[in-house]
Amino acid sequence: MYIIIMGAGRIGTLVARMLESEGHDVAIIEMNRERAREISEYVSGLVIEGDATDQKVLENANIKNADAFAALTGRDDANILACILAKHLNPKIMTILRITDPGKKKIFEEVKELKRYFDIVVSPEDIAANYIFRTLVTPGFDRVLLPREGAEIIQFQVNEDCEVAGKPIKELNLPKDSLIIAVYDEKGNLVIPSGDTVIPKKGQVIIFAKNSALQDVKKIMEKKREE
């Protein structure tokens, strides 16, 4: 994919480097001259000094042939305008809008007249706050938040002391709003599990669970074997 990123701040830079590491072509548009020069040393793609709300700048970035455009600056108004302009120049492009005010996020997701300009709306601040909250409320495991679904993908380390070790999944009595989606043994071999899959005595278990089921899942997966 060819992706254009607006903004070379911490988020924009991190996203660009992650995309490049996966083999995608990336261009970054940054207004600040010093920052544009600095970021060019860290990414292999095109870095353009300019304003992404300017049509000529987007055209110089080859917007008409881009697969996606991500407006990731800390300025909501500029991000909004740039996404609208990107859609105007390339109606098939996927747009990702960063909103710093979580309160505005629902407006862009629910108002039909706005949704056609913004394919994905993200609020890093909202995600970070959610992550901190969930970690405080249910600490103790690695997680990936899925705010829209009200769920998380969580990872548990398993060893011989865990009560679940050596048991088939169908005997774990996990809550109905949870599902084991992957099991790794000690050597890192992946198993897509069924009910008969046995939890290894040492390894990792990946579980998809709704927030309402997290506490029960945690109790089951972290319970120690009685001596």
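Every residue number used here counts from 1 along the chain in the order it is shown.
Glycine is treated like the rest: Cβ placed from N, Cα and C.
Predicted, not measured: the structure shown is a model, and the values here were computed from it.
Listed features, source Swiss-Prot:
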BINDING   Gly7, Ala8, Gly9, Arg10, Ile11, Glu30, Asp51, Thr73, Gly74, Arg98  NAD(+) binding site
DOMAIN    1-122  domain 'RCK N-terminal'
DOMAIN    141-223  domain 'RCK C-terminal'
- Item | Greatest C-beta neighbour count within 10 angstroms, which of the binding-site residues Gly7, Gly9, Gly74 | Gly7
- Query: What average pLDDT does the predicted model assign to the domain 'RCK C-terminal' (141-223)?
  - Reply: 86
- Task: State the three-class DSSP label for Ile11 (NAD(+) binding site), counting H, G and I as helix, E and B as strand, and everything else as coil.
- Result: helix
- Look up Gly74 (NAD(+) binding site) in the DSSP assignment and report helix, strand or coil. coil
- Note on the structure: Across the domain 'RCK C-terminal' (141-223), DSSP yields 18 helix, 33 strand, 32 coil
- So how many of the residues in the domain 'RCK N-terminal' (1-122) end up helix, strand or coil by DSSP? 55 helix, 27 strand, 40 coil
- Note on the structure: Asp51 (NAD(+) binding site) has its Cβ surrounded, within 10 angstroms, by a count of other Cβ atoms equal to 16
- Widest Cα pair spacing in Å over the listed NAD(+) contacts Gly7, Ala8, Gly9, Arg10, Ile11, Glu30, Asp51, Thr73, Gly74, Arg98 is 18
